[in-house]
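**Q** One structure coming up, written as structure tokens, with questions to follow.
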Amino acid sequence: MPIPAAVAQPNYERIALWPALPVTTRGQPLQLSASPKGDTFLYTNGRSVVIRDLAKPEIASEYTGHSVPTTVARYSPSGYYIASADERGNVRIWDSTQPEQILKSDFPVLSGRINDLAWDSDSKRIIAVGDGRDKFGHAFLFDTGSSVGEIIGHSKVANAVSIRPNRPFRAVTCSDDMTVNFYHGTPYKFTHSISDHSRFVSTVRYAPSGAYFASGALDGKIFLYDGATGTKVKEITAENAHAGGIFALAWSADSRQFITSSADATVKLWDVETSQVVTTWNIDPAGGAPIEHQQVGNLWAGSWLVSASLNGQFNYLDQASGTVSRIVHGHSKNITTMAYDATSRNLYTASYDGNVRKWSEEDWSTGAVPVAGASEHTNQVSQLALSGDREVADVFTVSMDDTSRAVAGATFVDSATVKLPAQPTSVAVTAAPTRYVATVDGLVLVGADGTVAPIAEVPEASVVAASFDRSLLAVAADKTVRVYNVDTASGVVAAWDSPVATCENARAAVTALAFSPDASLLAVGDAGSKIHVYDVAAGGAVKLHQWVFHTARVTSVSWAADGLHAVSTSLDTSVIVWSVERPMKHVIIRNAHTEAATAAAFVDADVVVSAGNDSAIKHWKIKTMP
């Protein structure tokens, strides 16, 4: 019996997700949550809640039910539900056991950002804390939202909350008002405030046994308290204590030890009985404790000890050796551009914060490798372009820091860095390292010797693209695209007054260009959501005009190796696979990303990879090509 059209299955399947790293904010703790089984963990980025495997972090899924940026997510002790919260003070409780992630409850809890959540051991009650106009915390039942007490006593934003995991129930919260508040439950009632810290209190956590709870603050101090009464037991300190503020604390399963993460770029393992530091992990490899290596979040789940850096990377800590056994890299900011090399099967991505990453399609489990060098981009990378000559470099970049750089493997070729006369928008490599760069002041040529020469004949250029064989260069200015012959030996256009094709049918400013593999066709995307395909040999005659199913600015176009299909992305968050032979046939992956989709490429005949402003990279299997 055929499936009714209303419930027809999509003609695509997401087969892989490399999720965003968490969004972090300097001076604020990052909340991580491990599952009760200790096999997965949670964090947030944008409107997504990321669920990631601890043993194999390349295995991940996401929840995208929030309409505004998420802030924290926590597993229930039963493991059946996840509670996630957002910047508007909403809490959503959803099924963690099924791929459909069915929503159980949705409550407006606070009038502002929620910073932390805690479940009680019955998996029935939740306390949320954060910012609000009238209160900084709320206790409620997970299924009805009914209040189960009052979370009062703070005068400033609350940063963390923890509930005693056994009876009689107790709860603790901490705040920017430099206090830790203690509550009896249930219903939860404020009993007293603790003022041992002298700066913002970032974290407070109950031990699994419930016998103690500990607090950490930006004054670098740690205090231990009785779990039932809230009375201070002692300050935990040592000669080799943290030299910076403490952002996160996580207990061992036996409640005898805990780890702390600090702004001094270290993680320390403490023995509760002796108050001594057992192990110190220095996350800053150079030893200078730069800001990006500040440790802002952590978790301890079974044998897994993980700490998060301010730059979003996850550091897996080996307790036996005292070393970092693995670092999980990626992007935490909008991915702005992407380039895929079919020969090496390497994928290069770059983001709003200037980071460039290299991924291996042969072994996706290796994750991202940061591209590094003596000097790196300091602002948004606007475009990546394949070199065409891997002996020179793999890709070339242009950035809003007004430079163009070369990348070989996972290293910036510092000798090939060029300072540009104006802010660049696009780059095309014609004979590496020779390249043409579109800037806000017009087109410039970067010669093989690194010299930069403005092209007087092209005073306006917004997007450029080179054909795969480097024999053609397309230059877009507003709504018009001109195609020029290139000398393949020098990479230079000799006759600017004699374009071989002129394409003038765009109805809005051109935003994306791509030659087909044999250079016979040129796909042109525009700000009005349309894509035209032009016949280059025919002087720029329109070949196809039916690729019109985006609803916002086209951000990229890329061709399949067969030259018969293309894939495009758009601000409308969708990815569309198109057909040349059947131009009205297409496959639309709606809401492929939670934010704008910014780049896509074919990695196999029926597999495309896409990236977006949600900082995620996704692989899509097209079941039947159009």
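A Cβ is built for glycine as well, from the same backbone N, Cα and C atoms used for every other residue.
So TrEMBL lists the following for this protein:
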type	residues	note
DOMAIN	498-561	domain 'Anaphase-promoting complex subunit 4-like WD40'
REPEAT	63-104	repeat 'WD'
REPEAT	194-235	repeat 'WD'
REPEAT	239-280	repeat 'WD'
REPEAT	328-360	repeat 'WD'
REPEAT	550-581	repeat 'WD'
REPEAT	590-626	repeat 'WD'
**Q** How do the residues of the repeat 'WD' (239-280) split into helix, strand and coil according to DSSP?
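**A** Once the DSSP states are binned, the repeat 'WD' (239-280) shows 0 helix, 23 strand, 19 coil.
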**Q** Same chain, outside the repeat 'WD' (194-235) by at least 6, Cβ under 8 Å from its Cβ: which residues?
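**A** Non-local partners: 27-29, 159-166, 168, 170, 172-176, 178-182, 241-251, 253-255, 258, 260, 262-263, 270, 272, 275.
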**Q** Do you know the mean pLDDT across the repeat 'WD' (590-626)?
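**A** That stretch averages a pLDDT of 98.
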**Q** Kindly report the helix/strand/coil residue split of the repeat 'WD' (328-360) according to DSSP, in that order.
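**A** Secondary-structure composition of the repeat 'WD' (328-360): 0 helix, 19 strand, 14 coil.
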**Q** What are the DSSP helix/strand/coil residue counts across the repeat 'WD' (63-104)?
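**A** Here the numbers are 0 helix, 21 strand, 21 coil.
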